[in-house]
Amino acid sequence: MPIAKIAPSMLSSDFASLAAEAHRMVKNGADWLHMDVMDGHFVPNITIGAPVIQSLRKHTNVFLDCHMMVSNPEKWVDDFTKAGASLYCFHIEATNEPEALIEQVKKAGMKVGVAVKPKTPIETIFPLVDKVDMCLVMTVEPGFGGQKFMVDCMPKVQALREKFPDLDIEVDGGLSPDTIDSAAQAGANVIVAGTSVFKSENPKDIISVFREKVESVQSKS
């Protein structure tokens, strides 16, 4: 099982102080920063695009994990690689040609991930796993922060981990100290959390709890 990676979701940050928020998260132990890109079409919300990634990249070298909640993800690959994105994670539901998209992202020089919504069978991405760097299992319906963790998505994580022991498996949505046990025990090692980290008086403690829970499971496997 790969090492734990904690990726605070910048959707919960103060967008008016994005660079400062990024530095604050890294200082408090974040491994990655999770960038929620929403187009108002694939999901019913609009957040940020490549210009914001480009602006943030000028202020940090941290790994930028870009979660592309967009229709036609093929359209934005070049913009995001130029902006400085580290990983481009598209939704399997948003493309009819996932293998071609994976190759497009790799040729652009980014790592590539594939994401599934809560109602999408995890088996839909099994044929792609050996071609990608990460799989993301959504634990809320994508589109908004602050939603309740869907524990019934954990069998998907478990199925992925059993079949692909060396895969980076990310979970996103409703992760907190109260829900991390379920995710870690199922086999997730990349933990995205927004509200629970950014609203905490001590984000470092929350990030440490997430890491310790994942590492505890790993030490027993």
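Using the three backbone atoms N, Cα and C, a Cβ is placed for every residue, glycine included.
TrEMBL annotations:
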BINDING   Ser9, His67, Gly143, Phe144, Gly145, Gly146, Gly174, Gly194, Thr195  substrate binding site
BINDING   His34, Asp36, His67, Asp172  divalent metal cation binding site
ACT_SITE  Asp36  active site, proton acceptor
ACT_SITE  Asp172  active site, proton donor
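When the alpha carbons of Asp172 (divalent metal cation binding site) and Ser9 (substrate binding site) are compared, the span between them is 9 angstrom. With a cut-off of 8 Å between CB atoms and residues at least 6 apart in sequence, the same chain places Ser9, Met10, Leu11, Thr47, Ile48, His67, Met69, Gly145 near Asp36 (divalent metal cation binding site), listed in sequence order.
Take the mean position of the Cβ atoms of Ser9, His67, Gly143, Phe144, Gly145, Gly146, Gly174, Gly194, Thr195, the recorded substrate site; other residues of that chain with a Cβ within 8 Å of it are Leu11, Ser12, Asp36, Val140, Gln147, Asp172, Gly173. Cβ neighbour count for Gly145 (substrate binding site) (all protein chains, 10 Å cutoff from its Cβ): 17. Comparing the binding-site residues Ser9, Thr195 by how many other C-beta atoms lie within 10 angstroms of each C-beta, the top residue is Ser9. Thr195 (substrate binding site) sits 13 Å from His34 (divalent metal cation binding site), taking the CA atoms of both as reference points. Neighbour count (other Cβ atoms within 10 Å of the Cβ, all protein chains): 24 for Gly174 (substrate binding site).
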